[in-house]
There are 2 protein chains.
Amino acid sequence: MERTVFFISDGTAITAEVLGHAVLSQFPVDFNQYTIPFVENTLKAQEVCQQIDGVYEKTGQRPIVFYSIVSPDIRAIIEKSHGYCQNIVHTLVTPLEQELGVAPIPAAHRIHGLTASNLTKYDARIAAIDYALAHDDGISLRNLEDAQVILLGVSRCGKTPTSLYLAMQFGIRAANYPFTSDDMDNLLLPPALKPFHSKLFGLTISPERLSAIRQERRENSRYASLRQCRIEVTEVEALYRKHNIRFLNSTNYSVEEISTKLLDILGMTRRMY
Amino acid sequence: MERTVFFISDGTAITAEVLGHAVLSQFPVDFNQYTIPFVENTLKAQEVCQQIDGVYEKTGQRPIVFYSIVSPDIRAIIEKSHGYCQNIVHTLVTPLEQELGVAPIPAAHRIHGLTASNLTKYDARIAAIDYALAHDDGISLRNLEDAQVILLGVSRCGKTPTSLYLAMQFGIRAANYPFTSDDMDNLLLPPALKPFHSKLFGLTISPERLSAIRQERRENSRYASLRQCRIEVTEVEALYRKHNIRFLNSTNYSVEEISTKLLDILGMTRRMY
């Protein structure tokens, strides 16, 4: 039987979701998950409490409640419910208080919020998204000196989502450049990219996965054929090796993994947002 | 004095970072933060252990170590360091084991990874990014029936980053449509959007913040002038009210907050990735 889980927060609930997801993934149990963000007043908290109790009455099992709420009044209402309530951030804050020898200040904790102190960083992150869009798919080879990474690869190997994730999560300016089927007869590194060797990062992918992805886009085309995918992958990998371009096979990796591996391989410092 | 913090993981370390960031933000202390992902073997773990001990010897203070590692052998090496080590996921897993009455299975826990079981969901998320790009800035008004949300707003009020975040984080297909200065004399809801009223969501912003953002793009232009920004904001807000389009003022909100508030206001279920 499914167990019901609530992720509850006075903010976006993103932290509660990310951590809760990590915790629940350790158990061989099916979970029925609900996220309730912006529980910012006692009225909303009472509604949520009733919702939790409703599940308890219906299923006879205490719902699991992962919550992160600053106001003691609002917290008290959630804790009065019949849920199994875990104050996720608090659980780690308490032991740290002793280690740091400093009391926590549980004020307006907008982890994913916009505040005067992080506005500059936030604007830089939005600028990185603009940069990724302006330099997506080789649209523009201008201002490449402003790029922190230049991704290379064949069509549909993951360049665009990776560029956007690097911008969104880490504020990193990534350009990307595609090699097309027309390039394959005599594959060369474009002269415009040569001055930026230290920023170049290649993606590759298994021909089988590439063909499956391309089939979704243009069914039964030459573009999506396994033969064509094999040719393109072989050629770009040879190019990467010839020019000593660091590269990664993205076949079994998510955009989060590709991005963090890239930063690790290029030795780039991760900034947090 | 700054205290050093390490976020260490055998995966992307995104969970460790997100949670660690939430915990540290509660303390009025400056932290010097390092993220070390993909600590997947004992050799790498020994290097990390030396790095932690190096900081301890240099500063005389135990570095704070937030880690999430499945292998007991690798974990043991990190725990032998002079850091103050907190096994972040484990701290919440242990009490939950009793509540669920089921032992955890700490196998290959690639929270942000690509596995056979989540490949379809992952592909849907990548498709949502493709959709957002193909329907960014009113480029295409075709296939709007496939959109889950259609964002409206003036230039630079946050439509594009929000569309991309909705796709990246939640796999939601969002189109966006810009109102330009040319539209302002007689602002109308485009006929192509009318059939999709339930999906429409307006963004607005304070004229001052809008003008500041536009100054970065085109300094001292009419486009960036406070006067022009005031006109555009007044007009679009009147349009939203006239057509009963739900809307949000994005001035003080991050893209995470705009996205999660939008889902909350539209009553859309959040899916997790």
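For all residues, glycine too, the Cβ spot is worked out from N, Cα and C.
Computed from a predicted structure; not experimentally measured.
The ADP binding site annotation in TrEMBL covers B:Gly153, B:Val154, B:Ser155, B:Arg156, B:Cys157, B:Gly158, B:Lys159, B:Thr160. In this structure, B:Gly153 (ADP binding site) is part of a beta strand by DSSP.
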Cβ-based proximity (under 8 Å) of the binding-site residues B:Gly153, B:Val154, B:Arg156, B:Cys157, B:Lys159, B:Thr160 to chain A, or none: B:Thr160
Spatial neighbours, same chain, of B:Arg156 (ADP binding site) - Cβ under 8 Å, 6+ residues apart: B:Leu210, B:Ile213, B:Arg214, B:Arg217
Chain-mates of B:Gly153, B:Val154, B:Ser155, B:Arg156, B:Cys157, B:Gly158, B:Lys159, B:Thr160 with C-beta within 8 Å of site centroid, ADP: B:Asn176, B:Pro178, B:Leu203, B:Ile205
Cβ atoms near B:Gly158 (ADP binding site) (within 10 Å, other residues, all chains): 25
For B:Val154 (ADP binding site), the number of other Cβ atoms found within 10 Å of its own Cβ: 26
